[in-house]
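Engineer: The structure that follows is given in the form of structure tokens.
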Amino acid sequence: MSTSSHACPVPAVRGHMTHYPAAPYPLLFPPVIRGLSLPPLHGLHGHPPPSGCSTPSPASVGQACQRTTGGSQFAASTKWTPSLNAAIETQSTSSEELVPSPPSPLPPPRVYKPCFVCQDKSSGYHYGVSACEGCKGFFRRSIQKNMIYTCHRDKNCVINKVTRNRCQYCRLQKCFEVGMSKESVRNDRNKKKKEPSKQECTESYEMTAELDDLTEKIRKAHQETFPSLCQLGKYTTNSSADHRVRLDLGLWDKFSELATKCIIKIVEFAKRLPGFTGLTIADQITLLKAACLDILILRICTRYTPEQDTMTFSDGLTLNRTQMHNAGFGPLTDLVFTFANQLLPLEMDDTETGLLSAICLICGDRQDLEEPTKVDKLQEPLLEALKIYIRKRRPSKPHMFPKILMKITDLRSISAKGAERVITLKMEIPGSMPPLIQEMLENSEGHEPLTPSSSGNIAEHSPSVSPSSVENSGVSQSPLLQ
């Protein structure tokens, strides 16, 4: 068969076999096979050859093979098939895929400076400075809740990883000193408000047998040392019920008698807490003196009646706001009633009140503890029990646990002012202060006892009291040790 006399353009052949010399169109592979019979081939893109071009005959292909390979004898014994074509292409492709690409290097881990506040390991930059998770959360809560803290020393406490929980006042001041920004907290809060609310937590919480037993023991200890409002026969008095006076001595005598009985009940409650009597005597005294006023205020506020704006004591005596002021609460009165109103929406039951009282008492950040780590270990199951109990009781309110726990901060703020009030009362009453009130309340969280002649500025009389000095000053007669 003769080919056309017109010249046919030969496209450049590109592909995997470029190391072979270029062959006339349409050969794509080395023309090493003589006498092969090919079906008509189309163009590179599946189209027939342009007009004027014809497909070469087997004879011309054979001649081209002769010229290109120099008459290779391999072509005489090999038949060209589509499967051979596919095999060659597959082999070429696979050879390229086997070449591994070098792995990209991992970015180096980001390293932050230690926490500017306590020197603990930093988790990143928070509110303008490098800070750990603990200091970040403490600063955020303090700003969002407008917390007011009190330092019981010289307002120059050392803040580090170990001591950061011992003085909230100095910790907050150091947060400001290192550059933490109030505005960053507010902006962060506003940003979160705009975000869509997340789905309610549906996680279930189950109480272990040990925690259930612990919860039951604390509930009984609370109920048997503090009768509920419905168990009391309420009675009132008309003494100074209409206007405030500096001090009603009749009400003060009654109140001091009831307060002494309440303190004895709190000591009994503490001794019934699992693990409390296993602490050193000095630590038991330190914890009781630090938390006694906290628990007193919490207990009296759970007996608040908002309709009459009254509070009821353990013998049933019911006083209104004015009478509470005149009985000795003085400037502390409105703070206590405000706190009582804040407790109402929480709807705490006896179990929650008992657990919260136990957490107030067994707290490892109190000053002058001999074994703070042991106290912290004792507090951990109390926190877990309270969390699980609250979430089981209120499954649709997952944020109730932190709300209730934050009340400890409010209690500490009020009781710090209460300790100062006990000191000033000594100068207002004609006789001596009942010894148990003076011992347990006046010295709470480091306040030294004062005499009228050494009153002066209260802030000047707040060094810490060590357990050894407490024992040497007659605390060995405390009901705790009886």
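Here the Cβ of each residue, glycine as well, is placed from N, Cα and C on the backbone.
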Engineer: Need the matching range: Swiss-Prot marks zinc finger on one of 26-50, 151-175, 226-250, 351-375, and I'd like to know which.
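Structural biologist: Matching range for zinc finger: 151-175.
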Engineer: Can you check which of 115-135, 388-408, 409-429 Swiss-Prot lists as zinc finger?
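Structural biologist: Of the candidate stretches, Swiss-Prot labels 115-135 as zinc finger.
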Engineer: In the predicted model, what is the mean pLDDT computed over the zinc finger (115-135)?
Structural biologist: 89
Engineer: From the DSSP assignment alone, can you count helix, strand and coil residues within the DNA-binding region (115-180)?
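Structural biologist: Tallying H, G and I as helix, E and B as strand, the rest coil: 22 helix, 6 strand, 38 coil.
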